[in-house]
Amino acid sequence: MVAREGGPAPADAAQRIAELREQIRRHDYCYYVLDAPEISDAEYDRLMRELLDLEQSHPELVTADSPSQRVGGQPLAAFRAVSHRVPLLSLANAVDDQDLREFDRRARERADRPLTYVVEPKIDGLTVVLSYEEGRFIRAATRGDGLIGEDITENIKTVRAVPLRLKRDIKSLEVRGEAYLPKAAFARLNEEREEAGEAAFANPRNAAAGSLRQLDPKVTASRPLRAYFYNILHLEGADGVGEQVEALQMLEDLGLPVNPERRYCRTIDDVIDYCRYWTEHRHDLPYEIDGMVVKVNELDQYPLLGETAKSPRYAIAFKFPPEQAITRVRDITVKVGRTGVITPTAELEPVRLAGTTVSRATLHNEDIIRERDIHIGDYVVIQKAGDIIPEVLSVLKEKRTGEERPFFMPQTCPECHSPVSRLKGEAAIRCTSLACPAQAKEGLIHFASRDAMNIEGLGPAVVNLLWEAGLVRDPADLYDLTAEQVAPLERMGKKSAANLIAAIENSKSRGLAALIFALGIRLVGQTAAKTLARHFGSMDQLMKATTEELQAVSEIGPKMAESLQRWFAVPANRQMIDRLAEKGLQMETEKAGDAGVPQTFAGKTVVLTGTLTTLDRREAQRLLEERGAKVASSVSKKTSLVIAGEAAGSKLEKAKELNIPILSEADFLQLIDRV
């Protein structure tokens with residue numbers, strides 16, 4: 001072979017490229033994972049420049065796992081949705097020692113052998129899931145709603161703490177972790193943004209999330225993100241592990257960063273001591289933490305311990321006591337919500353609290369104001385409940401000067417001037433008008449929200465524009481909009497208008513459960529909406545249901561039944577439902593007649609495993625739940641059925657061991673007539 005002019009022969013280049021990649025990977029690991037660099041920044045830069053020059057001269061030698069591929073590729077048009085192999089549950093919270101002891105007691109009652117624990121700091125960052133095949137990084141996704149996240153592969157490549165190649169070529173590995181921005185990096189980033197005239201990030205978590213959700217990976221690459229990993233979600237081609245401490249060690253041995261502050265605890269007393277230590281020393285860490293994560297160490301006990309609908313019973317998050325600050329109440333304002341509730345808010349002199357600047361705090365309702373004797377002009381102690389929502393905890397009455405003024409809730413709605421009322425047994429004061437514009441606008445915002453009709457681009461600002469232009473007054477009006485009507489509005493234009501109309505059109509297929517939730521009926525949340533859709537099968541049957549029939553449905557109590565009856569009794573609401581039906585929104589569950597969907601899996605606990613080729617996991621779960629199934633994430637003796645897709649792993653093996661019936665994806669589709 002003839003060498004290219006001015007450069008080494010391809011064979012020599014390939015050898016040198018391999019050497020450089022290995023050196024750079026090792027130095028990345030020492031610097032970003034071990035925090036113990038072996039060479040200077042200048043020497044590191046020299047190695048990287050040499051690699052980039054060689055790869056530019058020999059593009060045929062560039063590979064996806066080369067360190068050069070971290071610099072950031074072409075901007076993305078949008079993030080692709082990714083179905084998670086395993087549902088990513090959130091953790092229940094413990095706020096004191098008693099909660100931890102209660103968690104320990106419940107776990108031991110369900111377990112069939114003694115338990116120990118693993119405890120580590122709960123980093124306040126963005127949850128990410130990494131996938132590796134044959135030891136090579138192939139995909140990264142955000143948590144999303146726990147079932148479906150967003151593909152952030154190109155962005156995660158730029159995080160140098162994340163290995164693009166593992167130290168062993170394991171056939172298949174999926175891990176969960178947390179990406180974060182160190183405190184010092186966060187401070188520098190905000191200084192740069194302020195100098196550039198850009199808005200500063202409120203906290204490191206927002207900065208990490210904003211960095212990883214950049215459509216341009218080069219922006220992500222410019223921000224020094226780090227990550228720690230803590231869960232093996234899927235493993236194939238390697239010996240499994242029996243304990244969480246072994247799982248963490250395996251991750252570390254593979255080259256993935258694992259928190260060095262993790263600790264093995266033999267007893268709940270040891271757990272409590274460690275949580276107390278970090279409660280006092282949390283600010284010593286170079287990153288923000290908002291608590292500690294406590295996990296049962298014995299992985300074989302997880303199926304016995306089980307899960308609730310939202311969280312596992314084998315792990316819990318110990319939340320630190322909220323931080324507090326003192327500031328002054330400059331004013332008290334009120335806002336009308338979508339159900340007419342008028343909520344007071346304290347306008348505060350800005351103060352730093354738990355890493356963010358706080359200028360407002362919720363006062364919840366008039367009773368809270370009276371109980372705490374809060375006046376305009378008072379100095380107050382504020383805290384963040386869960387370090388998230390600011391609230392006024394108490395008043396420093398010794399600081400009063402006599403110039404403070406008491407606050408009284410309005411007797412009429414501040415938006416429409418209709419009378420307000422307070423229902424018996426409730427603290428909330430409500431506007432009594434069904435035509436209140438503030439309620440209607442908040443209702444439109446809720447209707448378009450992600451968990452409801454998921455109309456992208458229809459946030460508060462756009463709703464306000466449409467309202468002020470007289471184009472919408474209720475959700476049905478949205479489906480009469482045209483791009484020609486929307487384009488002339490402020491900050492819209494032809495492209496934004498076309499995108500909005502397309503998003504509104506796409507929302508028609510969201511399904512009955514989403515529509516019921518989107519209507520904003522008081523007390524009817526997502527879970528209740530799904531239950532009602534599954535039980536009645538159609539909007540028409542739901543509207544016809546009597547109070548007794550509603551209360552006969554599991555999870556629907558007297559208050560919710562009464563709320564549903566009241567809402568459907570309003571002629572304007574029924575007329576709006578008719579208009580939505582005319583516009584083509586789904587008013588029935590799929591394949592539902594008057595009797596609803598056949599309850600093929602009624603009373604059965606079903607586990608999905610492997611990769612489904614025809615359906616995504618969320619759709620399969622929806623179809624199962626519509627037909628009466630309870631979908632679980634792990635196989636146990638209580639499992640009735642396992643549906644196995646391609647590359648099904650340990651769950652399938654366990655199902656075979658327990659003699660649990662197994663269906664292929666094709667069998668499942670045939671059973672529900674979806675072939």
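Backbone N, Cα and C atoms are what each Cβ position is placed from, and that goes for glycine too.
Per Swiss-Prot, the features are:
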ACT_SITE  Lys122  active site, N6-AMP-lysine intermediate
BINDING   Asp41, Ala42, Glu43, Tyr44, Asp45, Ser90, Leu91, Glu120, Arg143, Glu178, Lys295, Lys319  NAD(+) binding site
BINDING   Cys413, Cys416, Cys431, Cys436  Zn(2+) binding site
DOMAIN    596-675  domain 'BRCT'
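Location within the structure of each feature annotated in Swiss-Prot.
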{"residue": "Glu43", "record": "NAD(+) binding site", "Cβ neighbours (10 Å)": "12"}
{"residue": "Leu91", "record": "NAD(+) binding site", "Cβ neighbours (10 Å)": "18"}
{"residue": "Lys122", "record": "active site, N6-AMP-lysine intermediate", "Cβ neighbours (10 Å)": "23"}
{"residue": "Arg143", "record": "NAD(+) binding site", "Cβ neighbours (10 Å)": "19"}
{"residue": "Lys295", "record": "NAD(+) binding site", "Cβ neighbours (10 Å)": "23"}
{"residue": "Cys413", "record": "Zn(2+) binding site", "Cβ neighbours (10 Å)": "23"}
{"residue": "Cys416", "record": "Zn(2+) binding site", "Cβ neighbours (10 Å)": "16"}
{"residue": "Cys431", "record": "Zn(2+) binding site", "Cβ neighbours (10 Å)": "26"}
{"residue": "Cys436", "record": "Zn(2+) binding site", "Cβ neighbours (10 Å)": "21"}
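For the pair formed by Cys431 (Zn(2+) binding site) and Leu91 (NAD(+) binding site), distance between Cα atoms is given as 37 Å, rounded to the nearest Å. Between the CA atoms of Leu91 (NAD(+) binding site) and Cys436 (Zn(2+) binding site) there is a gap of 39 Å, rounded to the nearest whole number. Note on proximity: among Lys122, Cys413, Cys416, Cys436, the recorded positions of the record, the Cα nearest Glu43 (NAD(+) binding site) is that of Lys122. DSSP classifies Cys436 (Zn(2+) binding site) as coil under the three-state reduction. Looking at the residue listed as 'active site, N6-AMP-lysine intermediate' and Lys295 (NAD(+) binding site), their Cα atoms lie 12 Å from each other. The shortest Cα-Cα distance between Arg143 (NAD(+) binding site) and any of the binding-site residues Cys413, Cys416, Cys436 is the one to Cys436.
Under DSSP, Glu43 (NAD(+) binding site) is assigned to a helix (H, G or I) in the three-state scheme.
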